């Protein structure tokens, strides 16, 4: 699949996969952003893109940022629809007790291209019964780890 990329900032970098087996590609910050402890920041990526119909871009947390800095993509996975043409931006949440400084060029998130499906919604009077029923949070048991 080919994805058209438009750089709209001089510091923007074209995404690339780090290894042949990578599912995700890195998204790089184009400006410095300071994210205070227990706060969120909006980080610009400096690119716009055009996805094929039937695909979305999921913006996900980088595991190293989560483990080492307690920084994550707040709405992970964030969805970039195939008809969106604006700048890609990432909402980062700093869950730590320290300031987190994003530098120009930092890899702050990863993108994964995913196939999407359109569902047809059919209104009905009653749903089929299941053994779970309407049991929600924790209804199938809690781990005793």
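Glycine residues also receive a Cβ, built from the backbone N, Cα and C atoms like all the rest.
Here is what Swiss-Prot records for this protein:
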- 62, 63, 64, 75, 79, 80, 81, 89: substrate binding site (BINDING)
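Around the Cβ of residue 64 (substrate binding site), the same chain contributes no residue under 8 angstroms that is 6 or more positions distant in sequence. Around residue 62 (substrate binding site), the same-chain residues six or more apart in sequence whose CB sits under 8 Å from its CB are 26, 107, 108, 109, 110, listed in sequence order. Residue 89 (substrate binding site) carries a strand DSSP state (E or B).
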